[in-house]
Amino acid sequence: MPTFVDRVVLHAAAGDGGHGCCSIHREKFKPLGGPDGGNGGRGGNVLLRVDSGVTTLLDFHFHPHQRAGGGRPGQGSNRHGADGDDLVLSVPDGTVVLSPDGEQIVDLVGAGSTYVLAHGGRGGRGNASLASARRKAPGFAELGEPGEQLDAVLELKSVADVALVGFPSAGKSSLVSVLSAARPKIADYPFTTLVPNLGVVQAGDHRPFTVADVPGLIPGASQGRGLGLEFLRHIERCSLIVHVLDCATLEPGRDPLTDLDVIEAELAAYTTDLSDRPRLVVLNKVDVPDAAELAELVTPDLQARGLAVHQISTASRHGVRGLALALAELVASLRAAVPSPAATRIVLRPRAVDEPDFTVRAEGDGFVVGGTKPLRWVRQTDFSNEEAIGYLADRLARLGVEKELAKRGAFPGVAVTIGAVTFDWEPTLSGREALLAAGGGDGDGYGEAGYGAVDTAVTIATVGGSGGTRAGARGGAVVSDLPLGPRGTDLRLRTSKRLTRAQRTALSDSADDFDDGAGFSDSAAFGDSGGSGGDADGGRG
């Protein structure tokens with residue numbers, strides 16, 4: 001079973017928003033209590049937070065699917081649902097969040113650094129929040145918005161000041177054990193170290209620094225031999241690279257200079273350019289017979305390359321203290337050379353006033369509407385409720401979607417897709433006005449001839465049975481077989497004029513004449529009626 005994992009694929013799902021409640025207040029002696037449905041709660045977020053006590057991504061290796069809590073639904077009596085609980089995932093310092101395509105999203109460095117990986121969905125509004133002067137008792141509520149779901153790749157890049165690189169069994173783990181209190185596994189066979197080991201070194205009065213022991217490299221590591229270059233990501237943040245060279249190796253064809261050239265070639269093959277990092281050479285195992293002579297022999301050549309050289313023995317601890325002090329001074333100078341981070345500058349880019357909140361594009365035989373608002377509205381609409389559908393149509397019309405569709409040549413009945421929902425577009429009253437302005441609708445019952453070139457919207461009434469059909473159009477035009485919009489919409493009644501008592505009486509008399517068989521030639525009545533009697537329910541206004 002693995003004990004160290006530095007790369008995982010995380011499947012994060014934020015909580016869904018709670019549904020709004022559709023409720024009417026019921027109380028003794030209050031016949032018109034009004035709507036009192038509460039709002040749904042917000043869905044929980046999925047957050048990543050750096051925890052200094054976490055050193056591996058092992059938890060996400062066994063539990064890659066993480067889901068936050070959902071919001072609770074609203075209830076009657078104006079009771080709002082509780083928000084969903086946020087899910088906080090603890091990650092090691094130095095965790096990099098990548099998209100599945102490899103694009104870096106965020107780099108989490110420093111204890112307490114937090115990033116919201118997936119946002120919870122909005123809670124749906126209850127009918128109490130949807131009430132208006134025209135819609136005093138909505139018979140619907142909004143659905144909760146689904147939370148975000150995404151896949152992310154988490155990679156751990158150790159945050160260390162010094163990286164120890166070299167061949168297997170060169171003594172890197174032993175050096176970490178004598179420099180710090182770390183106790184990595186040490187044995188006399190290659191590839192004992194399979195995962196990076198970190199140790200904190202305190203040398204003299206200098207600030208502590210961190211040393212990382214990277215698993216051994218061999219020729220061809222860039223092509224995947226040995227452990228490959230898989231763990232070299234852990235030295236990307238290091239400010240100093242230390243080559244640990246074995247002066248006591250008995251393998252043929254190996255010596256400190258050859259080992260140095262091989263390791264440098266493998267580092268050059270790594271994707272990240274490490275050529276700007278300062279180098280330091282440690283000649284290890286000088287306590288072994290003939291190893292000290294070899295160290296003295298190669299030291300001038302190494303110094304000629306501009307490299308600082310230290311001869312040590314981790315077994316006898318010869319030269320270890322001097323090496324620790326030298327490393328501490330180098331790290332301190334490198335830290336001082338790093339410019340202090342500038343304060344984060346927040347740039348505000350306000351959206352232009354005339355910039356639309358949506359997009360409309362033609363696709364195939366229909367149109368596709370995009371934009372944050374239309375997509376969110378569709379997700380929060382209960383399509384089993386006709387009044388909710390009418391409310392959605394009104395919102396889209398007020399946003400300008402219907403006018404834009406008319407400009408692009410849309411006609412009634414064309415397929416319009418918003419998100420995962422496809423509609424057969426039937427314009428509302430304002431949408432028909434836009435069609436008239438655009439000159440569209442010829443031959444389909446919605447053109448100028450059908451409307452009589454009127455400036456206001458048309459409302460109709462249909463009488464079933466033997467009474468036949470009748471239609472009333474403001475402005476004197478007669479239109480038949482035009483579909484009504486959904487009941488309860490604002491735009492159906494937007495152009496209705498408030499009538500005087502005499503006008504309402506005249507309309508009532510006209511309806512009576514029609515019931516007596518006198519016919520109905522020119523009227524502004526509005527309503528639905530059925531049966532052979534043609535009982536009209538008109539005069540709404």
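Glycine residues also receive a Cβ, built from the backbone N, Cα and C atoms like all the rest.
Per Swiss-Prot, the feature domain 'Obg' maps to 2-159; the stated evidence is sequence analysis.
With a cut-off of 8 Å between Cβ atoms, the residues of this chain six or more beyond the region 'Disordered' (63-84) that come close are 8-21, 23, 25, 36-46, 118, 120-121, 123-124, 126, 128, 141, 144, 147. Swiss-Prot lists 63-84 (among others) with the feature region 'Disordered'.
The domain 'OBG-type G' feature in Swiss-Prot is assigned to 160-332.
The Cβ of Ser173 (Mg(2+) binding site) has 24 other Cβ atoms within 10 Å, all protein chains considered. Here Swiss-Prot flags 166-173, 191-195, 213-216, 284-287, 313-315 as GTP binding site, drawing on sequence analysis.
Ser173 (Mg(2+) binding site) carries a helical DSSP state (H, G or I). What Swiss-Prot records for Ser173, Thr193 is Mg(2+) binding site.
Mean pLDDT for the domain 'OCT' (350-427) in the predicted structure: 89. According to Swiss-Prot, the feature domain 'OCT' maps to 350-427, an assignment based on sequence analysis.
Taken from Swiss-Prot, the feature region 'Disordered' applies to 497-541 (among others).
Residues or ranges marked as compositional bias 'Low complexity' in Swiss-Prot: 517-527.
Taken from Swiss-Prot, the feature compositional bias 'Gly residues' covers 528-541.
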All-chain count of other Cβ atoms within 10 Å of Pro215 (GTP binding site): 23
Number of helical, extended and coil residues in the domain 'OCT' (350-427), per DSSP: 29 helix, 18 strand, 31 coil
Cα separation, Ser173 (Mg(2+) binding site) to Gly166 (GTP binding site) (Å, whole number): 11
For Lys285 (GTP binding site), nearby residues of its own chain (Cβ under 8 Å, 6 or more apart in sequence): Gly171, Asp246, Cys247, Ala248, Ala291, Ser313, Thr314, Ala315
DSSP-derived helix, strand and coil totals, residue by residue, for the region 'Disordered' (63-84): 0 helix, 5 strand, 17 coil
Separation of alpha carbons, Pro215 (GTP binding site) and Ser173 (Mg(2+) binding site) (Å): 9
